[in-house]
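Taken from TrEMBL, the feature repeat 'PPR' applies to 114-148, 215-249, 417-451, 515-549, 616-650, 717-751.
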Amino acid sequence: MNSLINQNLQTKIVPISFTKFISSVSIIRTLSFHANKYEQQHPVPFLDPFQLLSNYTKSTHHAFKDTKIIHSHLLKTAVLHSDIVIANCLLNRYCNSGAMLYAVKLFDTIPLLNVISWNIMISGYIHNMLFEDSWRFFCSMHFSGFQPNDFTYGSAVSACAALQSPLLGELVYSLAIKNGFYANGYVRARMIDLFAKTSKLDDALKVFCDVSCENVVCWNSIICGAVRNGEYWVALDLFSQMCCKSLMPNSFTFSSILTACATLEEIEIGKGVQGWVIKCGKKDVFVGTAIVDMYAKCGDIGEAVKEFSRMPVHNVVSWTAIISGFVKRDDSISALRFFKEMRMIKEEINNFTVTSVLNACAKPDMIKEAIQIHTWILKTGFYLDPVVQAALVNVYAKLHAIDLSELVFREMEDVKNPGIWSIMISSLAQNKSSQRAIELLQIMLQESLRPDSFCFSSVLSVIDCLNLGRQIHGYILKTGFVFDLSVGSSLFTMYSKCGSIEDSYKVFEHIPVRDNISWTSMISGFTEHGCTNQAFELFRNMLAEGTRPDQMIFIAILAACSGLRSLKKGKEIHGYVFRAGMGREALVGGALVTMYSKCAALKLARKVFDMLPEKDQVSCSSLVSGYAQNGLPEEAVFLFHEMLMSNFATDSFTVSSVLGAIALLNRLDIGTQLHAHIIKMGLDSNVSIGSSLVTMYSKCGNIEDCGKAFDQVDEPDLVCWSAMIASYAQHGKGVEALKMYEQMRKQGIRPDSVAFVGVLSACSHANLVEEGYFHFNSMTKDFGIKPNNRHYACMVDLLGRSGKLKEAEKLIKSMPTEPDALLWATLLAACKLHGEVELGKIAAKMVMELNPSDDGAYVLLSNIYANVGQWEEVQQIRSRMKGAGVRKEAAWSFT
């Protein structure tokens, strides 16, 4: 603002007699005497009013008090009304001390206003954040007929920028151009700044390029604007052009461009800029801080510390930059150590420093440190800062101390801040406290607080009730957040999770702008609901709209290929992945391996796996599971062994797959070794691994270890209970199997169709006909499960073992669906057991019709005839078998 006054002040001195005033005003620095003739006529001391009125070193309160004293003494003289320079000086002091009402009163009493008077008022309002009043004064000046100068136009544009009104700014700029300020650097810099602050970087570039510019201020404005709008490469290109024009960058330029390098993590370019800084000798505390921040964000924390130690002077920003660098590198100990040093030297600390330190404590084993920092925050008063409060809530949530998060939230004075509510609701959602998150949203609405997009997205992520989701959707429609990308994506994900894929797609269609995340979510939603054809159609629509797929989209569409078991489509997507240059990416490579494995193309899966430059856990696990699930157990075990030798981390899914392979190989020795490895890893209590261990021991004939493996599981689920029931049933321990079923029911676990297969099988092996009928009827009556062919086969086996063959035949004929070959084969086996020839003929005939290649039916019928001595029929069966091209499978044994 001093520059506004200095336009016309020069060194003008006006004599004012201050005999009593000198002792009453402490800000008088010098007395001056008029020279020569005037001094001889008036031999009294005179005060230099400019020096008197330009002293701003005091606090705002004292500056205002002293200004009033000066004003009262000036009113006793005629100078205030006769000399515009003195009046403007006094006006300027009122503005600088924040007393705009006094400034307006003085302004209204000045008889001969000039452009500087208006400029002081316009700038004063901006200085005091009263932007609307600044704009009003500019309009008054314009309508009063005063001709603005470049400072007037620049200040008016700054007010428009603060008001986020580019249209008004353009009007002012047009007026400035009309009055001959087209090439004025000050006005253009302000206009560039306005467009940049209102996210109109293209317009800012047009203003910048309108005139060949040699003004560093304009270059700084456009470079800073590019950085502010996230166009960091544009900023670097502009900086390069600036250097080519032999313009000397200043500290502001270097700080902006180093920020761009830091965000892009372009450390080599940053080092080049640092070289320019050294060459130009512009390294002050701000540039030094930007260099420290650049190295920290680029991951070279060692160099950041070196640069920090070389800085002669540090400020709160530089300390915060180095602390944040350690936090980003996950070095919480160093971050806290620097914070401790900062406090010891009594450096200023701001809310950004505090939030950085809190983020350093957001680790599972640092709850104690977080509480200590919280205590310090309470003592220092930072607790009243909303930013710090939000950080505290967030940190405790990350530490899973959700009770402490809620405690901080309840103790806040400013509970009307919607941002704090959103963070609290998000914290509850992240910690699976869905009911509490929804309750808090309801309270927020009752308090007439408007949730933001972040809040809605968090709540929608934990909703699993379709009715409630629709209610929130209705509110979102009313508030207009439905057009927000993040809220829209959360909405259709919620509908998909709640089972309504149709509503999910309707929401997706109405999102105005879709990003890769939303496309990925919708494709995954279709795949999870078995709508793979729609997933492929959506993928084609995405390509037609010109969206370029990223890794996550490829993973989603490859999952659809896996679900469809379509090798052809999978190969097509593989070709697209190859053309996009992502075939060697670990995540996409793992998805390709999974797709080929699910499509039973194990050779292609292995080929893709071998071509990956870096094998990771996902790709290894996918191939192991592929081998195990496609009847290649030995390959699965060998690859798993290679994983262990390469120190790859193994997850429960991989271990379960290998256990399944070992069960197929019937290699108890390998299974026991793997079990020991599982115990070392601490995975023996994992429910999925426990289920696989139970199955493995069962198929290897070791029912005792099967029970021990079950007992090691902390909380067995339905799958684990079903595996144990089936194991007892397969080993002829029907009574024990039924006891396990009763224990499962007492635990409140609801059986499914698979569990009932084990239960009915147990009844069959124990020859418990009445219990078998009871559980068979209980399926439909108590649990609403319709029996399938496997359940009927268990009942036929039960009746057949009990000799009730006619009853078994009647049960087959009473089925609501057509019986398959398995049912008739089960009846045929029972006929062989009891020597029932006629019914055996009927059962064998049905098996041969339904499955002509089944050698078992021929063999069983042949054995039935042989048992009753009908050797001619045995020979006929053998001839029919040979004529049909069916060969008896050779017997084999593990021993």
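Residue 1 is the first one shown; counting continues down the chain.
A Cβ is built for glycine as well, from the same backbone N, Cα and C atoms used for every other residue.
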Which residue counts does DSSP give the repeat 'PPR' (717-751) for helix, strand and coil?
26 helix, 0 strand, 9 coil
Quick check on the repeat 'PPR' (215-249): DSSP residue counts for helix, strand, coil, in that order please.
26 helix, 0 strand, 9 coil
Non-local residues, at least 6 beyond the ends, that sit with Cβ under 8 Å of the repeat 'PPR' (417-451):
386, 389-390, 393-394, 396-398, 400, 402, 405-406, 409, 458-459, 461-464, 468, 472, 475, 479
Can you check how the pLDDT averages out over the repeat 'PPR' (717-751)?
89
